[in-house]
Protein chains: 2
Amino acid sequence: MLSEFSLIDRYFARRARTNTRRAALGIGDDCALIAPAAGEMLAVSTDMLVEGRHFLSDVDPHALGHKALAVNLSDLAAMGAAPLGFTLAFALPKPREDWLEAFSRGLFELADRYGCELIGGDTTAGPLNLCITVFGSVRQDAALRRDAAQPGDDIWVSGTPGNARAGLGVLRGDWPQARIDGADATHFRRALEYPEPRVALGLALAGIARAALDVSDGLAGDLRHILERSHVNAEIDVDALPLSDALARLPRALQLQCALAGGDDYELCFTAAQAQRGAVEAAAQQAGVRVTRIGTITSPETAASPASAGTADAVDAQTRRTTQAWPAIAWRDASGAPLNLTLQGFDHFHAD
Amino acid sequence: MLSEFSLIDRYFARRARTNTRRAALGIGDDCALIAPAAGEMLAVSTDMLVEGRHFLSDVDPHALGHKALAVNLSDLAAMGAAPLGFTLAFALPKPREDWLEAFSRGLFELADRYGCELIGGDTTAGPLNLCITVFGSVRQDAALRRDAAQPGDDIWVSGTPGNARAGLGVLRGDWPQARIDGADATHFRRALEYPEPRVALGLALAGIARAALDVSDGLAGDLRHILERSHVNAEIDVDALPLSDALARLPRALQLQCALAGGDDYELCFTAAQAQRGAVEAAAQQAGVRVTRIGTITSPETAASPASAGTADAVDAQTRRTTQAWPAIAWRDASGAPLNLTLQGFDHFHAD
């Protein structure tokens with residue numbers, strides 16, 4: 001069995017050392033040394049991935065290496081920050097060379113595409129757990145914060161959310177009644193295992209969009225974080241949600257469940273002034289990513305009307321208080337008629 | 001049961017928000033924004049703590065909160081960096097309010113003493129796992145690197161290493177033959193549970209010491225990291241090792257096992273030119289920490305003689321190659337006579 005230090009050296013450190021550009025000192029010392037460019041801030045985010053929670057025990061290690069870094073790069077994208085580097089801490093039940101080889105390959109293939117270098121880490125024995133902290137560079141006044149949405153802003157989403165949740169449904173056999181053909185199932189599974197962080201889009205939107213976040217826990221739940229931090233409400237046109245062709249072939253209820261309450265696509269949800277519509281479209285074209293307007297930021301006073309809480313007679317007082325609580329999202333169809341949706345984001349201490 | 005977001009808010013985020021000084025944007029957005037002072041680098045280190053490996057399942061959560069941050073601050077100390085902030089990612093089997101209350105209190109008591117603020121994090125369900133990434137500030141030319149030791153340097157150690165290993169021995173009942181009185185056992189256990197990061201000493205040594213690291217896996221094993229990175233060897237006077245009164249009351253074999261092969265004290269081991277002896281003593285006095293000279297850095301040519309590998313007849317060729325492999329540490333007693341020590345550092349993928 002390889003010792004911890006041999007493992008790090010073989011799969012991670014040697015690669016990091018030959019690759020070092022931005023860190024003055026990388027793996028092998030007590031700390032890495034890193035600095036943002038003059039006038040820029042370091043954007044920092046950390047994500048922990050746990051077996052059984054964020055991935056299944058038989059996950060392809062190459063896909064896991066990709067995804068572990070992708071979810072972190074996605075946080076940089078949501079901030080409009082350019083990737084610089086990352087640290088990797090992981091606990092492994094026991095080191096298996098074939099597993100580490102595939103994991104590190106998936107990790108570094110993505111890292112190289114975004115010029116994001118491994119600058120430090122930690123390895124220990126324990127139940128499989130991956131913790132990555134990622135560093136990016138952004139001008140403080142251009143950062144896409146969650147607290148910057150304003151009433152009247154358009155609400156946009158990138159890509160076609162919901163495919164990853166459909167992929168999870170396929171893997172877990174959630175919908176035995178639904179007929180899903182093989183090509184669609186492959187499409188969904190790919191979305192789940194190899195999410196593409198929207199780094200180029202985030203960079204192109206800096207200075208154009210107002211508020212942004214990446215959708216990791218579901219559009220309905222994550223949008224609330226922008227609303228809370230910006231002290232606003234929202235109206236969403238559910239019929240405007242962009243769906244992949246594969247997702248559009250599922251029953252409508254599953255489409256909405258996947259697109260609104262499913263996380264793991266790591267698309268960006270952002271707001272921008274209506275006057276910026278052309279600039280947003282141009283930024284998306286430059287980044288090579290589809291973006292779609294799905295709604296509008298409303299002021300806190302124009303809260304969701306009672307009608308938006310659905311058939312009021314059918315819900316008890318407790319439920320009504322919950323669904324009407326600020327921040328409120330008014331769900332509409334293309335005609336503007338209210339829809340009753342009782343969806344919530346994925347909360348890690350609740351059942352999925 | 002509290003939801004993930006309520007938990008973070010109750011025990012961590014609210015505290016972090018009211019406390020924010022250095023981060024332009026803290027918990028609650030996709031990234032935190034942080035920058036070192038002009039002309040300084042950001043020193044970054046990450047450590048993962050796993051139940052059963054780094055702490056026992058019945059650990060006092062207040063002590064765990066302290067130690068999880070202490071081991072990271074220790075990495076900054078070993079770099080000569082001033083603490084700025086940290087991110088905390090943790091997996092919890094299920095959130096218990098009393099546990100979180102005590103854990104966060106232990107964490108923030110230490111964080112406040114060093115002006116190190118929580119700037120971001122992640123929480124998930126899973127086997128107990130703590131991952132902290134810490135940020136400090138250091139002038140690049142003053143950083144205490146591992147690769148800067150030179151032949152002729154004195155080798156120093158802070159404090160009295162070995163107490164934490166003795167504390168682990170007491171907790172696990174490793175030495176049923178040894179009589180350890182209650183006050184000594186309490187002293188050992190305190191060293192294990194509440195290590196004090198040598199931040200002030202690290203800062204005082206910047207520009208005076210050459211190479212440094214913090215001893216987390218045992219002095220004998222960790223010193224090798226300096227030797228490897230600096231391409232030098234070492235001679236250690238085992239009789240010069242500073243022992244606590246409590247450790248000095250244990251049998252000599254246990255003293256050496258604890259002081260040389262036991263980690264978890266988080267003392268600093270550093271080298272400095274002989275001309276700096278007065279400056280080192282003054283820095284230690286300023287920091288209020290005892291420091292002791294325990295040996296000398298030697299050139300790679302003056303490798304440990306065969307005698308230092310012990311009774312050569314008794315070891316097979318394989319062992320001899322291993323114990324004589326570069327880098328070599330020649331263990332001596334106060335008279336300069338070679339000692340046979342077959343100790344190694346604590347390697348997380350080997351049995352302890």
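Don't overthink the numbers, they just go from 1 along the chain as shown.
The backbone N, Cα and C atoms fix where each Cβ goes, and this holds for glycine too.
Unlike curated records, TrEMBL annotations are generated automatically.
Note that this is a predicted model, so its numbers are computed, not measured.
Features as listed in TrEMBL:
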- B:28-138: domain 'PurM-like N-terminal' (DOMAIN)
- B:Asp30, B:Asp75, B:Asp214: Mg(2+) 3 binding site (BINDING)
- B:Asp30, B:Ser45, B:Asp75: Mg(2+) 4 binding site (BINDING)
- B:Thr46, B:Asp47, B:Asp122: Mg(2+) 1 binding site (BINDING)
- B:Asp47, B:Asp75: Mg(2+) 2 binding site (BINDING)
- B:His54, B:Asp264, B:Phe346: substrate binding site (BINDING)
- B:Gly121, B:Asp122, B:Arg146, B:Ser216: ATP binding site (BINDING)
- B:151-299: domain 'PurM-like C-terminal' (DOMAIN)
- B:Asp217: Mg(2+) 5 binding site (BINDING)
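If you average pLDDT over the domain 'PurM-like C-terminal' (B:151-299) in this model, you get 94. Residue density at B:Asp122 (Mg(2+) 1 binding site): 24 other Cβ atoms are found within 10 A of its Cβ, drawing on all protein chains shown. Secondary structure of the domain 'PurM-like C-terminal' (B:151-299) per DSSP, as helix, strand and coil residue counts: 72 helix, 27 strand, 50 coil.
Counting other Cβ atoms within 10 Å of each Cβ, the lowest count among the binding-site residues B:Thr46, B:Ser216 belongs to B:Ser216.
Fewest Cβ neighbours within 10 Å among the binding-site residues B:Asp30, B:Ser45, B:Asp47, B:Asp75: that distinction goes to B:Asp47. Using a Cβ-Cβ cut-off of under 8 Å to chain A, the binding-site residues B:Asp30, B:Ser45, B:Thr46, B:Arg146, B:Asp214, B:Ser216 reduce to B:Asp30, B:Ser45, B:Thr46, B:Arg146, B:Asp214. With every protein chain in view, the residue among the binding-site residues B:Asp214, B:Asp217, B:Asp264 whose Cβ has the most Cβ partners within 10 Å turns out to be B:Asp214. In this structure, the CA atom of B:Asp264 (substrate binding site) is 5 Å away from the CA atom of B:Ser216 (ATP binding site). Closest to B:Asp75 (Mg(2+) 3 binding site) by Cα-Cα distance, out of the binding-site residues B:Ser45, B:Thr46, B:His54, B:Gly121, B:Asp122, is B:Ser45. The secondary structure of B:Asp75 (Mg(2+) 3 binding site), as reduced to three states from DSSP, is helical. Here the Cα atom of B:His54 (substrate binding site) is found 24 Å from that of B:Arg146 (ATP binding site).
For B:Thr46 (Mg(2+) 1 binding site), the spatially nearest entry among the binding-site residues B:Asp30, B:Arg146, B:Asp214 is B:Asp214, judged by CA separation. Cβ neighbour count for B:His54 (substrate binding site) (all protein chains, 10 Å cutoff from its Cβ): 22. With a 10 A radius on its CB, B:Arg146 (ATP binding site) counts 22 other CB atoms from all the protein chains.
For the pair formed by B:Asp122 (Mg(2+) 1 binding site) and B:Asp30 (Mg(2+) 3 binding site), distance between Cα atoms is given as 11 Å, rounded to the nearest Å. For the domain 'PurM-like N-terminal' (B:28-138), the number of residues in each DSSP class (helix H, G, I; strand E, B; coil) is 36 helix, 46 strand, 29 coil.
B:Asp30 (Mg(2+) 3 binding site) sits 10 Å from B:Gly121 (ATP binding site), counting Cα to Cα.
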